[in-house]
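**Q** Provided herewith is a single structure, encoded as structure tokens, for subsequent inquiry.
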Amino acid sequence: MYPRVTAIVVAHSGGHHLQRTLDALAAQTRKPDAVIAVDCAATDDAPRLLAESGPTQLVSVQEKLPFGAAVATALRVTAPPSSDNEWLWLLAQDTAPEPGALEALLAAVEVSPSVAAAGPKLVDWEDPAFIRELGEAMTPFGAAVPLVENEMDQAQHDGLSDVLAVSSAGMIVRHTLWDQLGGFDPGLPTADDGLDFSTRVRLAGFRVTLVAAARVAIAGDGVAGPNLSRKWRVRRRLVRERRAAQLHRRMVYAPGAAVPFHWLSLVPLAILRSIGRIVRKEPGAVGGELAAAFAVAFSGMRIGNARRALATSKSVSWAAIAPLRIPFPEVRRARALKREAAMVGQQGERQELDFFGTGGGWTVLVALVVGIAVFFPLLGSSTVSGGGLLPLNSSVGQLWANLGYGWRDLGLGFVGAADPFSAVLAVLGTLTFWNPSFSLVVLYFAALPLAALGAWLAAARLTNRTLLRAFAGLTYAIAPTLLVGLQDGRPAAVLAHVLLPWLFFAGLVARRSWAASAVTALLAAATLACAPALIPGLLVAWIAAIAFAGRRAARIVFIPLPAVVLFAPLVWQQAGRGAWLSIFADPGVVQNSRQTPAWQLALGFPDGTLGGWHTLAAALDIPAAAPNILVPILLAPLGVLAILALFLRGSSRAVAALVVALLGFLSAVAALHLQVASMGATVVPIWPGTAMSLYWLGLVGAAVLALSAVGRAAVYPAWVALIAVAVAVVPSAVGQYIPDQSAVSASSGSRMPAVVTAKAATQPRVGTLRITPEPGGGIATDLVRGAGETLDEQSTLSSTERTLTARQQALAALGGNLASASGYDATQRMKTLGVDFVLLTPPATTLDPQKTGSEHPTEIAKTTGSRAATALDANPILVPVGTTPNGQLWAFDRGTSAVAPAAQIPADAGGTWRTIVLVVQAVVIALTLLMSLPTIRSADRVAELNARRPKRRAVREDDVAVEPEDEPEDDESIGDESLSEYEAEPDDEAAVESAGDDEVAQAASDGNRAETTDEPDGVAADDDLREAAEPREVDEVEAAESREPDDVEPARETVPPTPAAWTPAAPTTLEDGLDETVIRPRRTPEGGTRG
């Protein structure tokens, strides 16, 4: 009997996609007997195009129905089938069949009466020689697997016939069977509709076949099958739809007894898979995972209806289709081949840094030698002290216990948020876990080489030239702000200076991959923790980076998240007491700083003494004005180079570098006018040195760009500038060798007198009342527990406190009465506070605006100290112990060794908030660490990216730098489906049968196949315009700016091997030809390439 074919065309929009599909339908050598066109609320020219095509029926609906629902609507206007020889041909607006497609499909089904559904070869809309999809299958766990996708068509798969499933796009299906099965499952509106329907066809006892001779071009508009657009929003939605489809099929296919267990596992598995997505650098897919799980868990009657429909139509067991599934060994084999191909592809796309071959090793070695020479007096010590340096807690566990929110053991103690800097100290102390304080000694010798290494790597983003990279590394390593910070004992500022070039090294390519973004986020959190004063400057840089990131802005937006999580509890508390600006306070021990003129800041010196030049001039009887003339002359070459960069090749990048310098300079000026902390009775401004590190980094970057632009003539200016800077910082560098020039010295680590330390070994909560004469004649009183304060215990909540509590006022009154002959009996008060000793420390000093290093106390402070010592000696409740290196000590007998209630740490300090803060911070930091770990991109993705990458010119020595070990720019990582998805979890009858198989756990590991998809023309053109509008990478910008033409050597393209195809058991006729198939870039009409 002559077969009757009804073609159904579903359109959501018009345009040339629909026009081409209608023209192709009209050009068929075997025309359909009827054509039903469905207009799904199209707002463009689709209704007109459909009407002009002359369909048998034109159905218009007022909503954008899914493909299956639209087909069902079309069938309502047709008569029921009268025989099994009536067929439905399912087409969408973007499925244009070749002239012989229908004839080939009918020829295949006519010779095999058992075939009830057949599918064509889906080829690319623009390039028919490229296969988009050919057949579908499932793993034993039920995950969807395309048999063939995104390959060049070399007829290698034309032998495919019997398969488990075919795509809904272009499918021809027997009308009677369609009605019997109820059409596509309404619970699968987009993804897996063809797979599910074909599976039900198989379970009804019929066959599904592929017809390679029938070719249908598909653009991927998302009407029939998934939307293949590369837009981030579309791809994110596609991940959610595919996951929801997989979960829906799991609930439908599973035995009845297993359904409750599957339902209960939906959300927990979604959480675990979300973590896995983050590990695989797919954070954009996390929302889709969770949304899909909740959508399926609360989908109403959809699952129940689908299970009833399957039970009604099913006539054969799941075992009958088991040979058509892809077995686990083949999945693992394909994954291994894909992983190998991805490694080859990534190795081919990376450019070597050649650290040792381009002078990086020598640069770091020189900086190390300079660092050892500068701080040679500290060599061999286990602890350093002075300035803002204090030992770290001797217990690594306690270092980590100080994080988050909880008890702050300062003075009388209080509950509050930890400074983010405490997390940096915890990491630092863990590096030398046997003696955490030794890490500070290591920092002093490692600061210069680490700063040089970071600056060298950052310069590698700007230039390939060995000399210029070394110039950047050494000039940054001997920055005045770093040397002054080291001599003043400012560990937070030193760490910030070391971290800044590393931050920019990672940040310049953060938009390229989630791994780079995560590394940048961690470095940004550490840098801001050390230097909150950098928040405004780096915030501006972050906003600018978002503006130029284009489609990859999400990776830049993510960067502040770890820092926000670390700062949030502290910000909340500071805001609660109205001290918003206290957020910018320097962490660690409070140190006074001199008011530095703006012109000295412009020279890079943050200490107000030109780095010791004024002290040196006074010692050598040189006029005081001489350093004011000499130092600017020495630093002029660096400044001239930085400004000159604005007028040379690469000026756009020079502008960016100088903007960074300007942000640092303005932050430094603002810091000196922001007084938020106090030291006794002295209000202390924020130290400008941390902001000067940002300023110096910008200057060095601009100078490197200027030297790169002048070519080989840069040798002499580079040497002159470097030597001049070295001479300018000599007074700062030799501070360790000049008495009273440096505040830092080697020490034993003792913070309190030996008697106190010995007692603290057996009574950790021993209390010492410390009295310090102030320069103005007053006294400062505080209470120290145990063996003394540690650096990790310091808190800006304490140092920026504006008002004294009642307990603090009582403590101040106690100190004042003890330091004067008042006759006050302090016995009861000292017992209540748990005071065991009274320590009168040497008087506090003031800063000489013209001299560096240690200063001498004022006369009034000495007088106050003498009066206090006399009063303490005369107090009958105190027993003199003697004079110690820490001051004069008196003991007080409390009459008991029990810990006073006031000295006890509350058991529930921090309460629930402590747990919440620690969990949130730990989760965010842990997930960011996981994201920062490098992973291997799938081979398909590598091939696509290699094909899309523009050719680059041959690189000359003075050309722009390579960016070592970077991943190529790609679309947002929102979770392209991979082979790991195919075998991730059980979701059907076969999974139950496979229970206990050792391969199940193996199958849930790494993925290796990612989709490569092209977009419909309109979308692709849109994205191409947007891509063109985005800022290009450094190498392209450099190549575009006033370069003389060179002979271009085309870049080689790495063609990764394609894994061999799986050959299912009988009754299929699949050929083993995929081993010889390769993925090659192909030309598009626009002249580009497609992977």
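Heads up, residue numbers simply count up from 1 along the chain you see.
Every residue, even glycine, has its Cβ placed from backbone N, Cα and C.
Where the annotation comes from TrEMBL, it is an automatic prediction and has not been curated.
Pulled the feature table from TrEMBL, pasting it below:
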{"type": "TRANSMEM", "residues": "252-272", "note": "transmembrane segment"}
{"type": "TRANSMEM", "residues": "355-379", "note": "transmembrane segment"}
{"type": "TRANSMEM", "residues": "410-434", "note": "transmembrane segment"}
{"type": "TRANSMEM", "residues": "441-460", "note": "transmembrane segment"}
{"type": "TRANSMEM", "residues": "466-485", "note": "transmembrane segment"}
{"type": "TRANSMEM", "residues": "492-510", "note": "transmembrane segment"}
{"type": "TRANSMEM", "residues": "522-549", "note": "transmembrane segment"}
{"type": "TRANSMEM", "residues": "556-572", "note": "transmembrane segment"}
{"type": "TRANSMEM", "residues": "629-648", "note": "transmembrane segment"}
{"type": "TRANSMEM", "residues": "655-674", "note": "transmembrane segment"}
{"type": "TRANSMEM", "residues": "694-711", "note": "transmembrane segment"}
{"type": "TRANSMEM", "residues": "718-738", "note": "transmembrane segment"}
{"type": "REGION", "residues": "946-1091", "note": "region 'Disordered'"}
{"type": "COMPBIAS", "residues": "960-1000", "note": "compositional bias 'Acidic residues'"}
{"type": "COMPBIAS", "residues": "1013-1025", "note": "compositional bias 'Acidic residues'"}
{"type": "COMPBIAS", "residues": "1026-1052", "note": "compositional bias 'Basic and acidic residues'"}
{"type": "COMPBIAS", "residues": "1060-1069", "note": "compositional bias 'Low complexity'"}
**Q** Could you pull out which residues elsewhere in the chain have a CB under 8 Å from any CB of the transmembrane segment (522-549), counting only those six or more residues past its ends?
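**A** The answer is 419-421, 423-424, 492-493, 495-496, 499-500, 502-503, 506-507, 510-511, 555-557, 559-560, 562-563, 566-567, 583-587, 659-660, 663-664, 666-667, 670-671, 686-688, 690-691, 693-694, 925, 928-929, 932, 1030-1031.
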**Q** Among 355-379, 466-485, 655-674, which stretch has the most Cβ pairs under 8 Å to the transmembrane segment (492-510)?
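**A** Most Cβ pairs under 8 Å with the transmembrane segment (492-510) come from 466-485.
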**Q** So which of 556-572, 694-711, 718-738 is most in touch with the transmembrane segment (466-485), counting Cβ pairs under 8 Å?
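**A** Highest pair count goes to 718-738.
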**Q** Which bits of the chain, at least 6 residues beyond where the transmembrane segment (655-674) starts or stops, bring a Cβ under 8 A of a Cβ in it?
**A** 533-534, 536-537, 540-541, 544, 581, 584, 593, 595-596, 598, 601-602, 606, 642-643, 645-646, 685-699, 701-702, 705
**Q** Tell me, please, if the transmembrane segment (556-572) and the transmembrane segment (410-434) are in contact, taking contact as 3+ Cβ pairs under 8 Å between residues separated by 6 or more positions?
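**A** Judged by the Cβ rule, the two regions touch, with the required three close pairs present.
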